[in-house]
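Under the heading site 'Determinant of potassium independence', TrEMBL lists B:Lys490. Annotation source TrEMBL lists transmembrane segment at B:20-38, B:70-87, B:147-171, B:177-194, B:247-265, B:348-373, B:394-421, B:427-450, B:532-553, B:630-649, B:701-720, B:726-744 (among others).
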2 protein chains.
Amino acid sequence: MSRHFLAEGLELSGGDRGLVAVVAAVALAALAVGYVLLREVLAAGQGTSKMQDIAKAVQEGAAAYLNRQFRTLGIFVVVVFVLLFALPAEDTGERIGRSLFFIVGAVFSAIIGYLGMWLSTRANVRVAAAARETGGREKAMRIAFRTGGVVGMFTVGLGLFGAALVVFVYVGQAPRVLEGFGFGAALLAMFMRVGGGIFTKAADVGADLVGKVEQGIPEDDPRNAATIADNVGDNVGDCAGMAADLFESYAVTLVASLILGTAAFGAKGLLFPLIVPAIGVLTAVIGVYITKARTGENGLTAINRSFYISAVISAVLCTIAAFVYLPSSFASLQGVDGAVAATPGNPALIAAIAVIIGIVLAGVILWLTGYYTGTEHKPVKEVGRTSLTGAATVILSGISVGFESAVYTALVIGGAVYGAFLLSGSVIVSLFAVALAGCGLLTTVGVIVAMDTFGPVSDNAQGIAEMSGDVDGDGARILTELDAVGNTTKAITKGIAIATAVLAATALFGSYKDAIEKALKSVGSEFNDLDFVTFAPNVLVGLIIGAAVVFMFSGLAVNAVTRAAGAIVFEVRRQFRENPGIMDGTVKPEYGRVVDICTRDSLRELATPGLLAVMAPIAVGFGLGVGPLAGYLAGAIATGTLMAVFLANSGGAWDNAKKLVEDGNHGGKGSDAHAATVIGDTVGDPFKDTAGPAINPLLKVMNLVSVLIAPAIVGFSVGADASAGVRYAIAFVAVAVIVAAVIVSKRRGTAIADAPAEATTSA
Amino acid sequence: MSRHFLAEGLELSGGDRGLVAVVAAVALAALAVGYVLLREVLAAGQGTSKMQDIAKAVQEGAAAYLNRQFRTLGIFVVVVFVLLFALPAEDTGERIGRSLFFIVGAVFSAIIGYLGMWLSTRANVRVAAAARETGGREKAMRIAFRTGGVVGMFTVGLGLFGAALVVFVYVGQAPRVLEGFGFGAALLAMFMRVGGGIFTKAADVGADLVGKVEQGIPEDDPRNAATIADNVGDNVGDCAGMAADLFESYAVTLVASLILGTAAFGAKGLLFPLIVPAIGVLTAVIGVYITKARTGENGLTAINRSFYISAVISAVLCTIAAFVYLPSSFASLQGVDGAVAATPGNPALIAAIAVIIGIVLAGVILWLTGYYTGTEHKPVKEVGRTSLTGAATVILSGISVGFESAVYTALVIGGAVYGAFLLSGSVIVSLFAVALAGCGLLTTVGVIVAMDTFGPVSDNAQGIAEMSGDVDGDGARILTELDAVGNTTKAITKGIAIATAVLAATALFGSYKDAIEKALKSVGSEFNDLDFVTFAPNVLVGLIIGAAVVFMFSGLAVNAVTRAAGAIVFEVRRQFRENPGIMDGTVKPEYGRVVDICTRDSLRELATPGLLAVMAPIAVGFGLGVGPLAGYLAGAIATGTLMAVFLANSGGAWDNAKKLVEDGNHGGKGSDAHAATVIGDTVGDPFKDTAGPAINPLLKVMNLVSVLIAPAIVGFSVGADASAGVRYAIAFVAVAVIVAAVIVSKRRGTAIADAPAEATTSA
């Protein structure tokens, strides 16, 4: 037992149990605050009947999509539930708990996603309506940000409540059960990110290609049959997908912290990671309530200010909590690992610094992302300026911005991990420090979710305003400004999300190693570090495969969007062709058909990348072994971090460069420069809203799958029950599933390439 | 000693010394064959005086650039020579030999590069002239391919001769001295790839932006002041840079094989890796002489046929050599490591299979790259078809093709490494098998270099034809076809080059570990595998940094091109504006000025990425330690492999998609579809010819720097001479150099963004 992280024999004192109850109460309070904010948002005016009609169409389309998506995913969840139940476990209690909380995690993830979509589709019209009033800028911004606040409160509330509940019930077995909880959350979030991401960008790209590029009509023009689908997409992708994603980040980071905390600090290590996010709930409430743009101030400045204020408050309160709750020497901690008691250093100080590192990391990423994707800084201005030499230079400069920002973001995240690692000479304590830095990041999640939701709500509000034609002048300008701010806040969230992925994955790595060590011991075998050294050729091959999966996943996601967009181009052209009245504005296009196509295609397209994420670690683990699987995870984390930030930030920069030109720079709307930036924006769409953000849950899913299958791999590899036949058979099935999924998706062809053929002949 | 790879006490028998002499003789014979081919190429007709004038301008520009580049790099080489001399070594002989052969490697690399440029600038006009004659297709193709043959023969001849010489003189110390040789070759090749790559693409992009996009004049139109520079660029980048790059691959793979061969197989392991490439020389001669396009056959088919024939001959001969020269059990091998003697298995069989794996790998990459970038296969056709929906879909589909092909190529390379690894249960023997697979790849290098050089020579021939206006009808069609074939052969070479990088790096990893182990032992410390495990947070941070450096290097290279291209856009516009006679065709533009700008800017821009490559491993190694440096290398290899193939193949696909449209598909030249593919091609230019190919030498340089500095890192970290102050001071200086270089390159701003401002006001 002494070398293992888990602590089945761990007991909580009465005081500790009380503390868990308090944390649960704080979590419920967060839900209550969320409800209050929800009432406030819904109380706002809904504008003209035309606006309400549009909003209603969007609401219906979004709800229809999510309902169908949940039905599809439900089957998948049941299958995984059964597989999970079949995997090795300590005892039946753990087995049942793990599978049960897998469902709970998935359901919570779904609830958050659904709520995000439900509320956003109601807030968008209210933001548009508010922009028309006097003092509209403040009112519109307030509604948009508080909408985000609701989602933020529910995210942290449900995440914290779930974790507290598991700790209360399972105590020492909580970490293992939480693996199921985190896995459920991550898996559902990944599918929602991918499916929603394909929906939103297929609609967006399809709408732009026919509308802006071919017919020369503006974005969100009601004559374009894809506009409603575009707005639906914002809600199912950017709102629902993102909310589920951040909930998953929250859950998985907590899982990693609780696992490592128990090993490093004993019972106090199980509870301190609950205290930190509970403090985060408090400061998130403050952050949401104090956000208010001063007159003439950029919306982003106001949002950033509240972020920084709440971050500072978090840091102060967490430091106090660390010194009050944790002892000043390891001797008095009942760490599970006997060696920890002799570790030099001050646990309270280590914990406080680790949490602060996480909070500072969030602040630095916020600043860095704002710098690289904001309209008022050099990078986006330069991308905008290159529009004068055409689309090629826009693409190249955007890619450069993406590469550069990815490097700095990765270095900052790496620096945070290294900083936390240096806090202690004990590996297990330093891993816990990394996990605590992740908890530090979590204290900002409430505000981050609020910031992110702000983006699609503003985008939608502008869409409704444009389609209805009922908002003009100042109102329209306000909405454009909020939309640009939203582009940057969305990019920031992605940066934070990927940071949580790296921190959680680094920490989970420890639990992967532990799972293997333990499994080996149970079959009477020795753990051999040599199997995990980076320079062993097989580990290096694992690393290359891990990096390759990130590229493949990104390629599949981008491809899925272009394929689905092709079908939409085809449909919109058909409507224009068969019904000339649409172009005159005398006939309403059939919006519903485009929504249906998006729904059908996204659900069909999400299977391949989803299966890849689940099956690839199984193939590598059973096929090549536990060492190469460790290499695989490391390769995926390193490449995934850079790729995720690259895709998010180059996309964000292109989007805002287009906004810059639309604001009248370099020739303004309709100029060649504008056309060049529209091309950049279209390329960036699947980058930033489909492939990029899905990498975050991808990394977590792959990590958790690896942790969960580790004992089974060991079981089939060494000891009495070893069976090379079964082992390779499992790997073979996994590879076969991936290959079959890829072939099926290839078979569908490149619809965007096929569509023109028909269109050209009949145009 | 027993656990170390080096074998200072190794003695060669008289027969073995005779064998080395035979290998050296084969190497010299390769040079002789090269000379014969050279005479044949130069004997061909040179066409009209107008064509000769243009060729002369290109010759002068290219020679002027390379001369200036060598002067600049000379300083750098001297600095590194001194630093290398200061690094720890076994004894003075090794110290002097290592530094001396560093210079030899650099000079050989330079010679190959210069020869490649010199001959290409003479062959281009001869190919153009041959295309005008009857039977022009066969003649033109013959000259272009034999030009490549010359460079190929010199590459393998000099590489093999250098290695044989070192083995002859230094015997047991040869591996260490060869590290210097390989490092010299790799360093110079990297700079030539980066500098030449920036030159060629700055000129190309600049010419296209003003010529094709703004003025609507065709590519290579003599009125465009940047056309000569564009053609000069093909020679200094694609010919000189590529030739040096493949020479470097050759040298470094041999280095890795000899190091590991000695450890695994004793004296026979030192000699067998020389026999394999000597066989490669023979088969390369066959490959070059049998290449002949049958009537009506695609040029690529003919080239592929010779490749496959020579590969099969190589495989047969190497297998025979293995069974004749190597024993059938390890017991009779004087392996340095005592444990090897007891290894089960048949060394001859292992060696034969390993070499065949390498040869098959080359064939598979050839096929895979041809599939993804050739005009007659589905991927490029699809990219071409997406041009009907505009530039955005061209970019997205090209990126998808790049991602997808990178994944499959990486998996194939990973599969080859894993296959070689599985050949033996002994780590050292399996590492040697990986290195031997690299040697198998090397047997194809002669033909590969010939294929690659074919590309720029054909490109240039078309340029000269277009500028002179003296080649039309059939002749023009022939040159267009050869140019398209050249695009694919260039992409194939990049795939092979990156495969050598992965195999060499995997093998070099073993020598990195050995260097550390040995250094630790010398200071009385123990080697601890735990420092190298993938899941330690610090190793993971190293991994992330390694992946980040690949992104940064790529971003810097792309940026350098856009910046230099901006200066050229500016200059060409100035000439059009100040001298209206140029557009009428009455006045000749000042070609020389554009060549000067390219020369100046490329030399200025190559410093930052070059310094990054050398300094980053120093910073990580001294700053974070030997374990994180191992992670760094692994991260760089995994991400670098994917990134290199992605950049090369997406660029190749865009280029050929453009050719497809120019051949009359989807509307042909001048259509909207054509404009869309021109944008794709322009984006792809710095991808495929600057950033992508430079990643191969980058990986080798970083690996060799790490191997060379490993003893110094250990010396400053543990033992009596340990000094944290010195260690961190070195890391600090390395970081400071990188930061300063990045700031200096940032200061230069984005010229391409600044240029339009002036041009717009005065246009």
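Note: Cβ is positioned from N, Cα and C throughout, glycine not excepted.
Of the two recorded stretches, the transmembrane segment (B:247-265) does not lie close to the transmembrane segment (B:532-553), with fewer than three CB pairs under 8 Å once pairs fewer than 6 apart in sequence are set aside. Ranked by the number of CB pairs under 8 Å to the transmembrane segment (B:726-744), the listed stretches B:70-87, B:147-171, B:348-373, B:394-421, B:701-720 are led by B:701-720. Of the two recorded stretches, the transmembrane segment (B:348-373) lies close to the transmembrane segment (B:427-450), with three or more CB pairs under 8 Å once pairs fewer than 6 apart in sequence are set aside.
Under the criterion of 3 or more C-beta pairs below 8 Å, with sequence separation of 6 or more, the transmembrane segment (B:427-450) and the transmembrane segment (B:147-171) qualify as touching. Long-range contacts of the transmembrane segment (B:20-38) within the same chain: residues 12, 119, 146, 149-154, 156-161, 164-165, 167-168, 271, 274-275, 278, 281-282, 284-285, 288, 446, each at least 6 residues beyond the stretch ends and with a Cβ under 8 Å from a Cβ of the stretch.
When Cβ distances are compared across the two stretches, the transmembrane segment (B:70-87) makes contact with the transmembrane segment (B:177-194), since 3 or more pairs at least 6 residues apart fall below 8 angstroms. Where the transmembrane segment (B:394-421) meets the stretches B:147-171, B:177-194, B:532-553, B:630-649, the count of C-beta pairs under 8 angstroms peaks at B:630-649. Packing against the transmembrane segment (B:177-194) from elsewhere in the chain are residues 69, 73, 76-77, 80, 84, 94, 97-110, 113, 162-163, 166, 170, 237, 240-242, 244-245, 247-248, 251-252, 254-255, 258-259, 511, 557, 560, 605-606, 609-610, 613-614, 690, 693-694, 696-698, 700-701, 704-705, 707-708: each is 6 or more residues past its ends and has a CB under 8 Å from a CB in it. Secondary structure at B:Lys490 (site 'Determinant of potassium independence'), taken from DSSP and collapsed to helix, strand or coil, is helix.
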